[in-house]
């Protein structure tokens with residue numbers, strides 16, 4: 001009696017299980033339509049303008065409308081958010097950080113302007129307007145805005161190809177300001193249209209190589225100021241620079257310049273060593289460049305060395321002057337607007353400085369107010385100390401720039417990249433040697449090209465992996481990564497390691513799967529394995545195009561001719577939507593499942609599923 005009851009219940013349990021699996025399959029097949037392209041664009045625009053992309057209802061009362069306006073303003077101008085909670089303690093910390101920042105910013109700005117082949121005052125201008133705009137629109141509390149070495153090198157290496165800074169300095173300056181304006185336009189557009197991901201094509205490895213190569217080139221170019229060389233090459237590759245140094249040293253160089261520059265360079269390096277040993281003296285390395293400028297300027301002024309040619313001064317250019325959560329897209333907008341408006345106020349391209357941001361953080365800044373304090377301090381310096389800066393030796397400015405370069409060369413990071421990803425290391429050294437042996441733009445181009453080649457290789461030749469069930473679980477994993485995973489003797493379970501099945505890789509994936517299935521069929525003839533179904537795990541695929549769909553249909557046809565079935569599992573929203581529109585599920589007999597385990601059970605039966 002009991003045995004007959006069990007025999008009667010068995011088919012009912014199997015039917016119940018089949019119905020449950022069919023219901024789950026319908027969950028996949030009957031998913032709602034994904035957002036349209038227009039909806040995605042509108043959501044993207046809403047996330048850009050409104051805080052966290054929240055939706056505001058059409059409010060009839062004035063209070064609700066006022067709150068909506070305030071929320072939008074706080075998103076576009078983050079200063080309205082943090083200034084509400086500002087207090088005297090934060091002001092004190094920001095004041096100290098801003099003054100410390102200014103002590104480093106003033107000499108570096110002058111030096112970087114000369115590196116960009118501009119008059120020194122333009123470096124100081126760039127440390128006034130852009131930081132003020134960023135303080136209103138930026139989201140970072142620690143970043144320090146102003147001119148930086150690599151951007152200055154880019155300017156001096158690319159713009160002179162269009163206009164000679166020595167033959168026509170006014171036209172050169174105007175071209176630099178125009179370049180700054182368009183750089184700001186692009187930055188603002190990237191932020192407003194959420195295109196910041198385009199910057200990611202310049203990978204971390206490429207940036208490491210590019211910055212390291214640029215730092216070495218910048219260091220070699222400072223030999224002009226350090227040695228007091230009057231005529232120097234306009235080229236940036238290391239060979240041309242070394243040849244120019246070699247020729248100049250044999251014909252003319254200024255030993256007084258060299259001794260003065262090396263003395264203050266040693267002083268700055270010593271203070272940096274002391275600051276690292278004693279964290280309480282963090283202000284010492286930050287103020288060392290300013291102390292160097294002050295002392296060297298007084299030395300030249302008191303000894304009147306400028307009258308005897310013993311120190312080349314930058315001051316002739318000043319003679320005519322009388323007057324926390326970071327939002328990446330919002331940062332791009334802030335950078336864009338500060339460069340657009342900065343270009344109208346004689347500022348060249350400004351961005352965040354690594355070294356000055358570290359000083360700002362170490363000094364205990366609380367908000368972007370430290371940038372405002374720094375900008376005000378620079379304005380005061382422009383008004384009061386311009387004439388004294390006439391006597392500042394270029395050799396000392398070269399020493400200041402040289403002292404900031406070691407932090408840009410990162411051999412440990414390069415070794416780490418080599419250890420983790422050899423292809424990324426190829427991108428790194430491509431950018432490094434491109435800058436070092438050719439030019440800055442060639443280095444950037446090499447980095448971008450190698451990065452694109454890497455992406456293309458990964459896209460057109462995605463990996464595939466065979467899955468097996470981990471013992472005692474319903475988890476299916478790569479059998480090579482997990483040797484304990486058990487293959488199913490009746491099913492070949494494959495997962496494609498790509499986020500997109502498209503025209504670039506669809507045929508490669510199809511051929512790879514067919515090759516795998518053919519090998520299994522040969523094993524069948526030897527009695528090793530009898531594969532009845534190929535299960536394609538689509539959990540990695542985020543999207544598919546018509547070529548991808550056509551390759552799946554062709555794959556199903558080829559497998560069917562060999563006596564095998566094709567099943568797919570866990571297709572993502574966009575994927576199943578397109579497959580449904582192409583009537584793919586119907587053509588393959590509805591073998592679409594939520595999980596690999598359900599696909600195995602449904603295609604082979606409950607008894608064959610337990611391996």
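Cβ coordinates are placed from backbone N, Cα and C, and glycine is handled just like the others.
Here TrEMBL flags 95-113 (among others) as transmembrane segment.
If you look up TrEMBL, you'll see 133-154 (among others) marked as transmembrane segment. Residues 76-79, 82, 101, 105, 108-109, 112-113, 115-116, 123, 126-127, 210-211, 214-215, 217-218, 221, 236, 324-327, 330-331, 333-335, 337-338, 341-342, 348-354, 356-357, 359-361, 365-372, 374-375, 401, 404-405, 408, 440-441 of the same chain lie 6+ residues outside the transmembrane segment (133-154) yet bring a C-beta within less than 8 angstroms of a C-beta in it.
The transmembrane segment annotation in TrEMBL covers 175-195 (among others). With a threshold of 8 Å between CB atoms, the same-chain residues lying at least 6 positions outside the transmembrane segment (175-195) that come near it are 44, 47-48, 116, 118, 155, 159, 162-163, 329-344, 346-349.
Per TrEMBL, the feature transmembrane segment maps to 201-220 (among others). Counting residues 6+ beyond its ends, the transmembrane segment (201-220) has Cβ neighbours under 8 Å at 115, 149-150, 153, 236-238, 241-242, 245, 401-402, 405-406, 408-411, 413-414, 417, 421, 424-425, 427-436, 440, 443-444, 447-448, 450-452, 455 in the same chain.
The transmembrane segment annotation in TrEMBL covers 257-275 (among others).
Annotation source TrEMBL lists transmembrane segment at 281-302 (among others).
Same-chain residues lying 6 or more positions outside the transmembrane segment (332-351) and placing a CB less than 8 Å from one of its CB atoms are 76, 113, 116, 118, 121-122, 125-131, 133-134, 137-139, 145-148, 151-152, 155, 176-181, 183-192, 196. Residues or ranges marked as transmembrane segment in TrEMBL: 332-351 (among others).
As annotated by TrEMBL, transmembrane segment applies to 357-381 (among others).
What TrEMBL lists as transmembrane segment is 388-409 (among others).
Among residues of the same chain six or more beyond the transmembrane segment (429-453), those with a C-beta under 8 A of the stretch's C-beta atoms are 153-154, 157-158, 201-203, 205-210, 212-214, 216-217, 235-239, 414. Among the features that TrEMBL reports, transmembrane segment is placed at 429-453 (among others).
Sequence annotations record features per position, and here TrEMBL assigns domain 'STAS' to 482-603.
Residues 107-108, 110-112, 114-115, 120, 149-150, 211-212, 214-216, 218-219, 222-226, 228, 257-258, 260-262, 264-265, 268-269, 272, 288-289, 292-293, 296-298, 300-301, 306, 311-316, 318-319, 354-355 of the same chain sit 6 or more residues outside the transmembrane segment (388-409) yet have a Cβ under 8 Å from a Cβ within it. Regional average pLDDT for the domain 'STAS' (482-603) in the model is 87. In the domain 'STAS' (482-603), helix, strand and coil residues by DSSP number 57 helix, 24 strand, 41 coil.
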